[in-house]
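Feature annotations, courtesy of Swiss-Prot:
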- 44-64: transmembrane segment (TRANSMEM)
- 77-97: transmembrane segment (TRANSMEM)
- 118-138: transmembrane segment (TRANSMEM)
- 140-160: transmembrane segment (TRANSMEM)
- 181-201: transmembrane segment (TRANSMEM)
- 227-247: transmembrane segment (TRANSMEM)
- 264-284: transmembrane segment (TRANSMEM)
- 324-346: transmembrane segment (TRANSMEM)
- 365-385: transmembrane segment (TRANSMEM)
- 391-411: transmembrane segment (TRANSMEM)
- 427-447: transmembrane segment (TRANSMEM)
- 467-487: transmembrane segment (TRANSMEM)
- 518-538: region 'Disordered' (REGION)
Amino acid sequence: MEIERESSERGSISWRASAAHDQDAKKLDADDQLLMKEPAWKRFLAHVGPGFMVSLAYLDPGNLETDLQAGANHRYELLWVILIGLIFALIIQSLAANLGVVTGRHLAEICKSEYPKFVKIFLWLLAELAVIAADIPEVIGTAFAFNILFHIPVWVGVLITGTSTLLLLGLQKYGVRKLEFLISMLVFVMAACFFGELSIVKPPAKEVMKGLFIPRLNGDGATADAIALLGALVMPHNLFLHSALVLSRKTPASVRGIKDGCRFFLYESGFALFVALLINIAVVSVSGTACSSANLSQEDADKCANLSLDTSSFLLKNVLGKSSAIVYGVALLASGQSSTITGTYAGQYIMQGFLDIRMRKWLRNLMTRTIAIAPSLIVSIIGGSRGAGRLIIIASMILSFELPFALIPLLKFSSSKSKMGPHKNSIYIIVFSWFLGLLIIGINMYFLSTSFVGWLIHNDLPKYANVLVGAAVFPFMLVYIVAVVYLTIRKDSVVTFVADSSLAAVVDAEKADAGDLAVDDDEPLPYRDDLADIPLPR
């Protein structure tokens, strides 16, 4: 097995303390000064990349599936979930980027140094499970694409996905940037199709605006669909990924350099997620308008009743005519493959950060994909396309329930003076992010408990079987609650931000509560060579 172990264990002291002894500090500091003299737009372009790579996760097959079903089942009533979800995603993605810029380490590495061994292993397993859960919609979406393009059974397409992404990763050495550009363009081809269809079906603007700004959960399954939407939008592994991707950029370690880096990554993420918001709104609106049309044929009405990725190409007939299925299939294939690449990198950084293990990308992809294929293959054989579509919703709900175990550490670390120094979150960001975070966590816990209790009451199992199931599941629910509370109330014990005395007086004067924490304006942010092989333009 091709595994590389890092030669030494990282200490708990930040890179700013160790960099002071670097023999090349003066040379790198001069490079920093040259970087800071460049025009702002050039420095911004140097930071472009991580946000757009992360935003691909908001256009993956899981998002498309939940968007299509939300529109078909509830028209525009759940658009507010997408709006709140992407606003929250922008906040936490920017916090993840800030964490990487300020500390020079990504979220998984900081979790490893902060938590006890048992907790660290627990968080690592949950993070790996999140990557696998995120990969399931990509496996099924790609299988649906093969079914649409080549008319092969879905379960055969699931097997093919085990090698398709490996081939794509292998082709990167022949032109990574061109390959990524091609994939992105194919994904946006589908976006353009939905925008074109949107201009034809013309959904009522008033209803769309009401759906965006008036929260409603009417009708059967609205709560489950809303949680699935959140799970598809706010993915735990994306937080690990974004905090690592920013380390591939050479950000000067001066006060201005750090602030500029955080600001540039915020602008880039904001633009990328705004585009993702528009695309998600377009998909929901097209689905809601087309499936509620008075002129809908009986065949299309039957498809709307059980809408899934493999039956949605008819929504684009007005734009593409007979070729709608082919274009939709190609775009769906691109969506699944591009999202899988980001998932592969996220899994690599999670393993490297928690365990200090670096695995070859093809091996990492093979491991994740093999595990993700198993449930997809079983469900597609037994339940066919309909069962596979339901599995996507279940995977999205799993992601939503796993969110606290990446979100709470991120919120605590980015708000901690010992981790971020004077760059920690403002009180407004702390209050708003914790409010939304705890709200989502509370909704998930409420839905989990009420859904399970309702299932126990109304299922057809014998009473003794219900007792056994309840006795097995309720302890896990208790462990879930205890784990969330533990992560929330536990105090940070490891300092990752070490001040330099040369600027302590300045920072103390500007910020009375900064204590002895300051920013070393002379030491360069270490370029992470171990994270530099990311396929992004520099």
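For all residues, glycine too, the Cβ spot is worked out from N, Cα and C.
Just so it is clear, the model here is predicted, and its values are computed rather than measured.
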Answer with yes or no whether the transmembrane segment (467-487) touches the transmembrane segment (227-247) by the criterion of at least three Cβ pairs under 8 A, sequence separation 6 or more.
no
Is it true that the transmembrane segment (140-160) and the transmembrane segment (324-346) have 3 or more Cβ pairs under 8 Å, skipping pairs fewer than 6 apart in sequence?
yes
Do we see three or more Cβ pairs under 8 Å linking the transmembrane segment (427-447) and the transmembrane segment (324-346), pairs being at least 6 apart in sequence?
no
When you look at the transmembrane segment (467-487) alongside the transmembrane segment (391-411), do they share 3+ Cβ pairs under 8 Å, ignoring any pair fewer than 6 residues apart in sequence?
yes
What stretch, picked from 77-97, 118-138, 264-284, has the most CB pairs under 8 A with the transmembrane segment (44-64)?
264-284
Given the transmembrane segment (324-346), which of the listed stretches 77-97, 118-138, 264-284, 467-487 has the most Cβ pairs that are under 8 Å apart from it?
118-138
Under 8 Å between C-beta atoms and at least six residues away from its ends: which parts of the chain pack against the transmembrane segment (77-97)?
50-51, 54, 58, 67, 70, 107, 208, 211-219, 222, 225-226, 229-230, 233-234, 238-240, 242-243, 246, 262, 265-266, 269-270, 273, 276-277, 280-281, 284-285, 407, 410-411, 414, 425, 429, 432-433, 436-437, 440
Should anything in the same chain at least six residues away from the transmembrane segment (118-138) have a Cβ under 8 Å from its Cβ atoms, list it; otherwise answer none.
57, 60-62, 65, 108, 111-112, 161, 232, 235-237, 240, 336-337, 339-340, 343, 346-347, 350-351, 354-355, 368-369, 371-372, 375-376, 391-392, 395-396, 398-399, 402, 405-406, 409, 483, 486
